[in-house]
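Engineer: First, the structure itself, so that you have it in front of you.
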Amino acid sequence: MDNRDNRIGVGLALSSSAFIGLSFIVKKKGLIRSRASGSSAGDGGFAYLREWLWWVGLLTMVAGEAANFIAYAFAPAILVTPLGALSVIISAVLASWLLKERLLLLGKLGCAMCIVGSTVIVLNAPEEKEVSSVSEITDQMFDNAPFLGYAVCVILLSLYLIFIVAPKHGKRNIFVNITICSVVGSLSVIGVKGLGIALKLTLQGSNQLGNASTWGFVAMVAVCIMTQMNYLNKALDTFNTALVTPIYYVLFTTCTILASALLFRGWTQQAAADDDNCPAGSSAPALITCLCGFLTICGGVFLLHKSREDAAELTRTRDDDLVELINQRAVSDSMQTHAPFEQDEHAL
């Protein structure tokens, strides 16, 4: 895969983050406007379905997800997946501007860390081998012992967590449902990657719709995404979003990078391609640099969500202080009102 494809993939991933980050704000504005005409979504109401702004936000999110899907056909998953953190930055910045939500200094530092980490990954991500059919990807999957071992471990771990651990500890331990989402999600990315390449080759004139591997990827994506969304919703319904989002991002991205590295072996192929010009093991610095970039993004995401939590707590504290001040003022006024009557009674 050439640098042109990588640039297209990066462009699509960045546009995906922009659309998804914007969609959160637009849908939020639509929900706020719908409260004036009916019950809120938090109370089980559906008045927001009559609000055109909410539908604009939904269509924006669909456009972002479509761009993200296409990006996997052009660029390595190791490059595309971490760039999803930029949607968090965009939503945070737009929320402070359009929704008047406070972005504290800690949040600004988190945004800067995400940008730095994303830049590092973009500059050091490996290239992938060009494929001419979907069958090459499936052959690569089944002839790759490390990836097969990873896939088997993911399936066994998921079944164990779903049927044994989650019913007992899913509502008490935040890592149970998020781990299911993350490991299953890493396989869904592989499926999306294969399906995206199938559609790309088909549009280029090499029809892949009659290939059994293409429909295998369709089934793989459908099963993985349904499982992933089910347990992510359970995690969000049970625990604080400010905790679920960063933990899920870190675990999901880590598993995706691991699965992609085992399957596509990007850095190994890059080192082999450059063998005439670079010494053995020359891909190690690029790998370490990408890992550092990823850890920088993780730190930035945690700081950003911590900042949002602190801002919400600060707002609640100020509201409570305001209510207490109003109550004190009311009590003081009441005492001053009754004081003359008490003095008259003493005089009598």
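Backbone N, Cα and C define each Cβ position, glycine as well.
Automated prediction, rather than curation, is the source of TrEMBL annotations.
When I checked TrEMBL for this same protein, it listed these features:
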type     : residues : note
TRANSMEM : 6-26     : transmembrane segment
TRANSMEM : 77-99    : transmembrane segment
TRANSMEM : 106-125  : transmembrane segment
TRANSMEM : 145-167  : transmembrane segment
TRANSMEM : 174-192  : transmembrane segment
TRANSMEM : 212-231  : transmembrane segment
TRANSMEM : 243-264  : transmembrane segment
TRANSMEM : 284-304  : transmembrane segment
Engineer: Which stretch from 106-125, 145-167, 174-192, 284-304 shares the most C-beta pairs under 8 Å with the transmembrane segment (243-264)?
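Structural biologist: Most contacts with the transmembrane segment (243-264): 174-192.
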Engineer: When you check the transmembrane segment (284-304) against the transmembrane segment (106-125), do you get at least 3 Cβ pairs under 8 Å, counting only pairs 6 or more apart in sequence?
Structural biologist: yes
Engineer: Look over the recorded stretches 6-26, 145-167, 212-231 and say which has the most C-beta pairs under 8 A to the transmembrane segment (174-192).
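Structural biologist: Between the stretches 6-26, 145-167, 212-231, 212-231 has the largest tally.
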Engineer: Count the CB pairs under 8 A between the transmembrane segment (6-26) and each of 77-99, 106-125, 145-167, 212-231, then give me the winner.
Structural biologist: 77-99
Engineer: Residue list, the transmembrane segment (212-231) vs rest of chain: Cβ under 8 Å, 6 or more residues beyond ends.
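Structural biologist: Tertiary neighbours of the transmembrane segment (212-231) are 134-135, 137-138, 158, 162, 166, 177-178, 180-181, 184-185, 187-188, 190-192, 194-195, 198.
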